[in-house]
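Pulled from Swiss-Prot:
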type     : residues              : note
ACT_SITE : Asp42                 : active site
ACT_SITE : Glu114                : active site
BINDING  : Glu38, Asp111, Glu114 : Mg(2+) binding site
DOMAIN   : 3-125                 : domain 'RNase III'
DOMAIN   : 152-222               : domain 'DRBM'
Amino acid sequence: MSLATLETRLDHRFGNAALLEQALTHRSHSARHNERLEFLGDSVLNFVVAAMLFERFPKLDEGDLSRLRANLVKQASLADIGQRLELSQYLRLGEGELKSGGFRRPSILADAVEAIFGAAFLDGGFDTARKVIVRQYQPVLASVDPKTLGKDAKTLLQEFLQGRKLALPLYTVVATHGAAHSQQFEVECAIPALEIKVVAPGASRRAAEQSAAKLALEAAQAASPARAVRKQGKARKAAQLSLPVAVAQEVK
């Protein structure tokens, strides 16, 4: 498959296309794989993301900046970038990895993303690698909230519900798919008090729970204003109903 579309998404045309091919090559495919490029890309990525955070959040201290960076460069965040780049269709995997669904495995996607950053550094130097990384991370940073740094979706949902004195969510595995070594899980997250039930998939039970919690949190945040309006309406109605009784008591 042509790499031209991927290069457009990266906003970099490789002078040495072999570097990009190597970045997409898993060790199960050939001896010239991407692990050394991944090592290099990891170092460049950490520096560039640290600089981006330093500029964007001038009031955050070192501890908060470190936690935020760790959250942005972790495997799940890199795998999300890999999915957005549609790397699955470009990965070069051995037969065993192909059969086991390695092209969608978060660890393989994340490693390939870091390897691409390393390849960009070797192909065009630091400025090129920085441009490639910034392009991928700008939309991520635009939605970053320092108040939630380092907290996963389940923790955020729990804090949201506890802050409103609501019962904690219930997580249930509703389905599993695939062979034992490459199972996909579907988990339901239910919040009875808000009449919310959502289902999300994941490569592990934990990943599916996190995805379901994220959907449930979004639904709960959307439902909260409407719930508050309903409560105000009920309180107003109760006050109106009690008014004639109060008047009657005064007349007596």
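Placed from the backbone N, Cα and C atoms, the Cβ positions cover glycine too.
Mean pLDDT for the domain 'RNase III' (3-125) in this predicted model: 93.
Each of Asn34, Glu35, Leu37, Phe39, Gly41, Asp42, Leu78, Ala110, Ala112, Val113, Ala115, Gly118 belongs to the same chain as Glu38, Asp111, Glu114, is absent from that list, and has a C-beta within 8 angstroms of the C-beta centroid marking the Mg(2+) site. Reported as a whole number, the C-alpha separation between Asp111 (Mg(2+) binding site) and Asp42 (active site) equals 9 Å. Contacts of Glu114 (active site) defined by a Cβ separation under 8 A and a same-chain sequence distance of 6+ are given as Leu37, Glu38, Gly41, Asp42, Leu45, Leu78, in order along the sequence. Assigned with DSSP, the residues of the domain 'RNase III' (3-125) fall into helix, strand and coil as follows: 87 helix, 2 strand, 34 coil.
When DSSP labels each residue, the domain 'DRBM' (152-222) comes out as 35 helix, 23 strand, 13 coil, counted as helix, strand and coil in that order. Highest Cβ count within 10 Å among the recorded positions Glu38, Asp42, Asp111: Asp111.
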